Amino acid sequence: MRRGSLIASFGYAVQGVCYAFRTQRNMRIHTAAAVAVITAAALLHLSWSRWVVLLLAITLVMAMELMNTALESVVDLASPELHPLAKAAKDTAAGAVLLAAVFAVAAGIIVFYRPLMDLLGSGG
């Protein structure tokens, strides 16, 4: 491996995340949701195991959004005109993000339910 290539690869990865944040509304929405969830987790003093579940769910959604952005960019480059296969590729990638987001919401409900019930005195 060339000297500096590992550092360069990290730089390219950061550029990719920044590109997605700048150009993709959903990436900004996911980021805002992640900040809200992390803030709530900190305020509720969640256990380490609950933190791990939340961070895995957040990472999954963000990673899927990055893959979706990459795939959309490649499809747009390869097929600037509308094509059924280009649409199928984009829709399928968006579906992967949707599944990850649904999982993250379900995980969040499970993780936050007991601490919120305890905080509200409901005991649920």
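Cβ coordinates come from backbone N, Cα and C, glycine included.
Taken straight from TrEMBL:
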BINDING   ARG3, TYR12, GLU72, GLU81, LEU82, HIS83, LYS90, ASP91  ATP binding site
BINDING   ARG3, GLU65  substrate binding site
TRANSMEM  29-46  transmembrane segment
TRANSMEM  52-71  transmembrane segment
ACT_SITE  GLU65  active site, proton acceptor
BINDING   GLU72  divalent metal cation binding site
TRANSMEM  92-113  transmembrane segment
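Mapped onto three states, the DSSP output places HIS83 (ATP binding site) in coil.
Put plainly, the binding-site residues GLU65, GLU72, GLU81, ASP91 were compared by Cβ crowding within 10 Å, and the winner is GLU65. When Cβ neighbours within 10 Å are tallied across all protein chains shown, the highest count among the binding-site residues HIS83, LYS90 belongs to LYS90.
Cβ contacts within 10 Å of LEU82 (ATP binding site), excluding its own Cβ and spanning all protein chains shown: 7.
When the Cα atoms are compared, ASP91 (ATP binding site) and GLU65 (substrate binding site) turn out to be 13 Å apart.
It is 10 Å from the Cα atom of GLU72 (ATP binding site) to that of GLU65 (substrate binding site).
Sequence-distant neighbours of TYR12 (ATP binding site) (same chain, six or more apart, CB under 8 Å from its CB) are absent.
For the pair formed by LEU82 (ATP binding site) and GLU65 (substrate binding site), distance between Cα atoms is given as 22 Å, rounded to the nearest Å.
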